[in-house]
């Protein structure tokens, strides 16, 4: 996909380059600026397209609506929506690449405007006089100054989006990424300067034509043969025996005109490109703000092993589907910052409670945990209603769609989790516990890989309850549970007599993915299996490769992925 998008942008760059290189309306400007004009305008067209589209994947309400809408019935089309984050990143990288090209071209243009100042076509100049310092064009004009600031903003957003900074300090990434609004405001000012102009009267004044009125005003000698042609235009070749001064010769023929060239600044096309997506995004953010303006009621906070916190809440008229996620905002933790968390428990017809599990790994989650467990040293804190005022105000935005909503729409699904990546599947398992017969899913392979034994206790009770329920309903083959402990000093088991069913499914080491896929393909011949992964990129890449490989059983694997890296 990234290669296709890059190729499309290169094609657009090439087409625009040729337009400005060969277009007659840019003849005089091209004479002044050379290839700098073509490169700057071609890169600008690519930037317009990507600055327009980079916002659409961030319209989460729109994506959630399309995913849940009956109008998007195709599973393949819905899977394309899962690439929204990849598309956003691809557009961002494209913006960075072509911005660098755009800046380089305009640096050359600033120099050419100064050195090639036109005495003949004064309105075409961006400089005030020949030899003007190019730095004045960069720092003393609206297009130049806004361009410099945009480069700084884009540099901050680009560097803060790298994996190393996102992992080490997510706050830097979050705050710098919200500079996008400043970037777009500067962009709208940047294109309003009208520095580059095009000729509007091509028919009346073809580029390179002979203007007799101007020639007479300058007291230049006009060939007698030309006087017979005034004031009419001609495209006939000059007679071979007619002596013609060098300035009047162009490709062995001359067009005569009686009107000076007229130049006009381009209407800022960028406004057409970005106004729609920007307004759509702003309207959505306003809608999300209104929807999430009422705080939720926290019913319980549970501290799990390995620094994992479970928060259960209720909210009026809150509905969600298994696999979706919400965005939590706690003003006492941060006035502006908010973070997404996958729902591990969805509200149903019989209960309004929903919940999330969050791993304490950063500043925000640490402060949030300290506020929730400030008055409790126990692992579990469930307070009566009159004591719940001690909880900080918490606002929930969402829910929003994710690939895991499709896990119940396959006849067979393979769900692979790495560590805390099990959270999207927890809501699916909770939903199956309430009732599985109403869904298309008839067999679920659940693979969970953890580094320490205590991590399995996050959802050990849930897994055991679902296992026992299926045994009682005589469907023990409905779910195949495999737990892998990747790091251990010896034989271990999940402590507790009630976890005996899980202990028999606990394996030491890492899964042998190729054998696992072959075994699943053999047991499900000529079927389409949905593969869902939430975990480290290393596991994700292996599963993606195996899903795309063929097998001798006619089984087809469709890969879906969520990455929390």
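Keep in mind that glycine also has a Cβ here, set from the backbone N, Cα and C atoms.
Since we're looking at a predicted model, the values are computed, not measured.
Between the listed ranges 12-31, 112-131, 172-191, TrEMBL ties the annotation transmembrane segment to 172-191.
Long-range contacts of the transmembrane segment (87-108) within the same chain, counting only residues at least 6 positions beyond its ends with a Cβ under 8 Å from a Cβ of the stretch, are 1-2, 5-6, 9, 13, 33-34, 36-37, 39-40, 43-44, 46-47, 50-51, 53-54, 57-58, 134, 138, 147, 150-151, 154, 157-158, 161. Among residues of the same chain six or more beyond the transmembrane segment (42-66), those with a C-beta under 8 A of the stretch's C-beta atoms are 9, 12-14, 16-17, 20, 72, 78, 81, 84-85, 87-88, 91-92, 94-95, 98-99, 101-102, 105, 184, 187, 269-270, 273-274, 276-278, 280-281, 284, 287-288, 324, 398-401. Confidence in the domain 'FAD-binding FR-type' (291-406), given as mean pLDDT, stands at 81.
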